[in-house]
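S.K.: This is the feature table in TrEMBL:
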DISULFID  Cys191-Cys411  disulfide bond
DISULFID  Cys354-Cys369  disulfide bond
Amino acid sequence: MILLPSPNFASKACTVAQMGASKCIQSEMLHCRSGHNPVTSVPNLKKPLLSNSRAEVVKLSRKCSATEASNRAKSLIVAASPPTEDVLVSTDPLTKKDLVDYLASGCKPKENWRIGTEHEKFGFQTDSLRPIRYDQIAELLNGIAERFDWERIMEGDNIIGLKQGKQSISLEPGGQFELSGAPLETLHQTCAEVNSHLYQVKAVTEEMGVGFLGIGFQPKWGLKDIPIMPKGRYEIMRNYMPKVGTLGLDMMFRTCTVQVNLDFSSEADMIRKFRAGLALQPIATALFANSPFTEGKPNGYLSMRSQIWTDTDNNRAGMLPFVFDDSFGFEEYVNYALDVPMYFVYRQKKYIDCAGMSFRDFMAGKLPCLPGELPNLNDWENHLTTIFPEVRLKRYLEMRGADGGPWRRLCALPALWVGLLYDEISLQNVLDMTADWTAEERQMLRNKVPKSGLKTAFRDGLLKHVAQDVLKLAKEGLERRGFKEVGFLNEVTEVVRTGVTPAERLLDLYHGKWGESVDPVFEELLY
């Protein structure tokens, strides 16, 4: 789609967008005169000017203050999934300040903070337990669209997802089925959204002989058994992954996660939440560890999904120790992201393979795959989606450390992080608790938790003891929110009390009543 500038268009279009789910960022165009303060309301547009669109106007400033505005209007055109086309071609090259302002545009006052939950799950054929094929996925997507009024997302002739309001459904490389939820105010709304989605999926799949499994790693089938989805970006990633790690294809085709996306009010608030999230991410990994099987047998890990990320592509994954430096802020994250190798550029509805190339070179017009071409903020947004640390910054923060699991855990994960990060007292207590943790200790936890879970030794005790304190802070934070959300933590309360992770319970079943077969897990963790 091509949008023409309005008569009021100055040097660039000035658009801004509200936080959405990580794979479905949406925006509307809004024109403003260069040099004016950003406007504070959105016109009532009957039709969106970009597909997948919604917007909220925010101030574009590094410190997110009400008085600072960008010196010139910038073209903040945000990518959807699949990425949007170029809407306006910038006459001025992007600067690093533009990239910093893009991240800062996510700041919003506390009353506008929302909860965005995403989860992935494995589809399987109920008679053979084999992974579902793309033609079955297409039938499922079309069935949901027809029965429940979702809009189809196409790549060429292939249906690759759905959207409805602020929710989207997308496909991961091996056909993992993902719900990217709407930004919601309470955990009650979040859990209702999950339940509604699972009901809709089940209503269609029961007639197809298909089920969905809530687990962190494909328990039975090898890479050769996993179907490949017809999405251009995944072909580029599939070719690149073996060059930078040994487990990247396993990450793409055989893992599932649940994550929550949370807001911040300022650069300082972002820094505090980022640090708390990184420090405690290994605890979340332990609490939700749920991937102990590979190709029908125990794999030696409680979270194989988490272990896989240690040798996927260390240029774009990990614990980001620089986040704890005194100099850290939006600009430092931009510096980091500029040095993360690219995967692709999206032009004329095609993915152009730029794997391993530099976004810095792109900004200078020196990208080998597109010589002379300059990036826009679509390209920057797309690039940010290809970075995979344990906590990821966009215009919001993503907590990325948990395995996929059954529906109650899909509600518990956002409850944990909302209780810790959306309550000022709990957040400060987390920062105080972790203030003297060293980079080496944080990395040690990241390395050992996938295998030993809550039994990981830490200082003079076990990680279980730290988790007890963390859970208490999360419960207190939820209580102070006043929405009666503490019950959503019941699913992890028993895990913390006993120190026994979900994966260890699955292993007990495997060695006990399952008779050393993983097949019963498809019923045990069936949605």
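Backbone N, Cα and C atoms are what each Cβ position is placed from, and that goes for glycine too.
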S.K.: Run through the Cβ atoms and count how many others sit within 10 Å of the one on Cys191 (disulfide bond).
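M.R.: There are 22 such Cβ atoms around Cys191 (disulfide bond).
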S.K.: Give the number of CB atoms, excluding that of Cys354 (disulfide bond) itself, located within 10 Å of its CB.
M.R.: 23
S.K.: List the Cα distance (Å, whole number) between Cys411 (disulfide bond) and Cys354 (disulfide bond).
M.R.: 37
S.K.: Looking at the disulfide-bonded residues Cys369, Cys411, which one has the fewest other Cβ atoms within 10 Å of its own Cβ?
M.R.: Cys369
S.K.: List the Cα distance (Å, whole number) between Cys354 (disulfide bond) and Cys191 (disulfide bond).
M.R.: 39
S.K.: Could you measure between Cys369 (disulfide bond) and Cys191 (disulfide bond) for me? Cα positions, answer in whole angstrom.
M.R.: 44
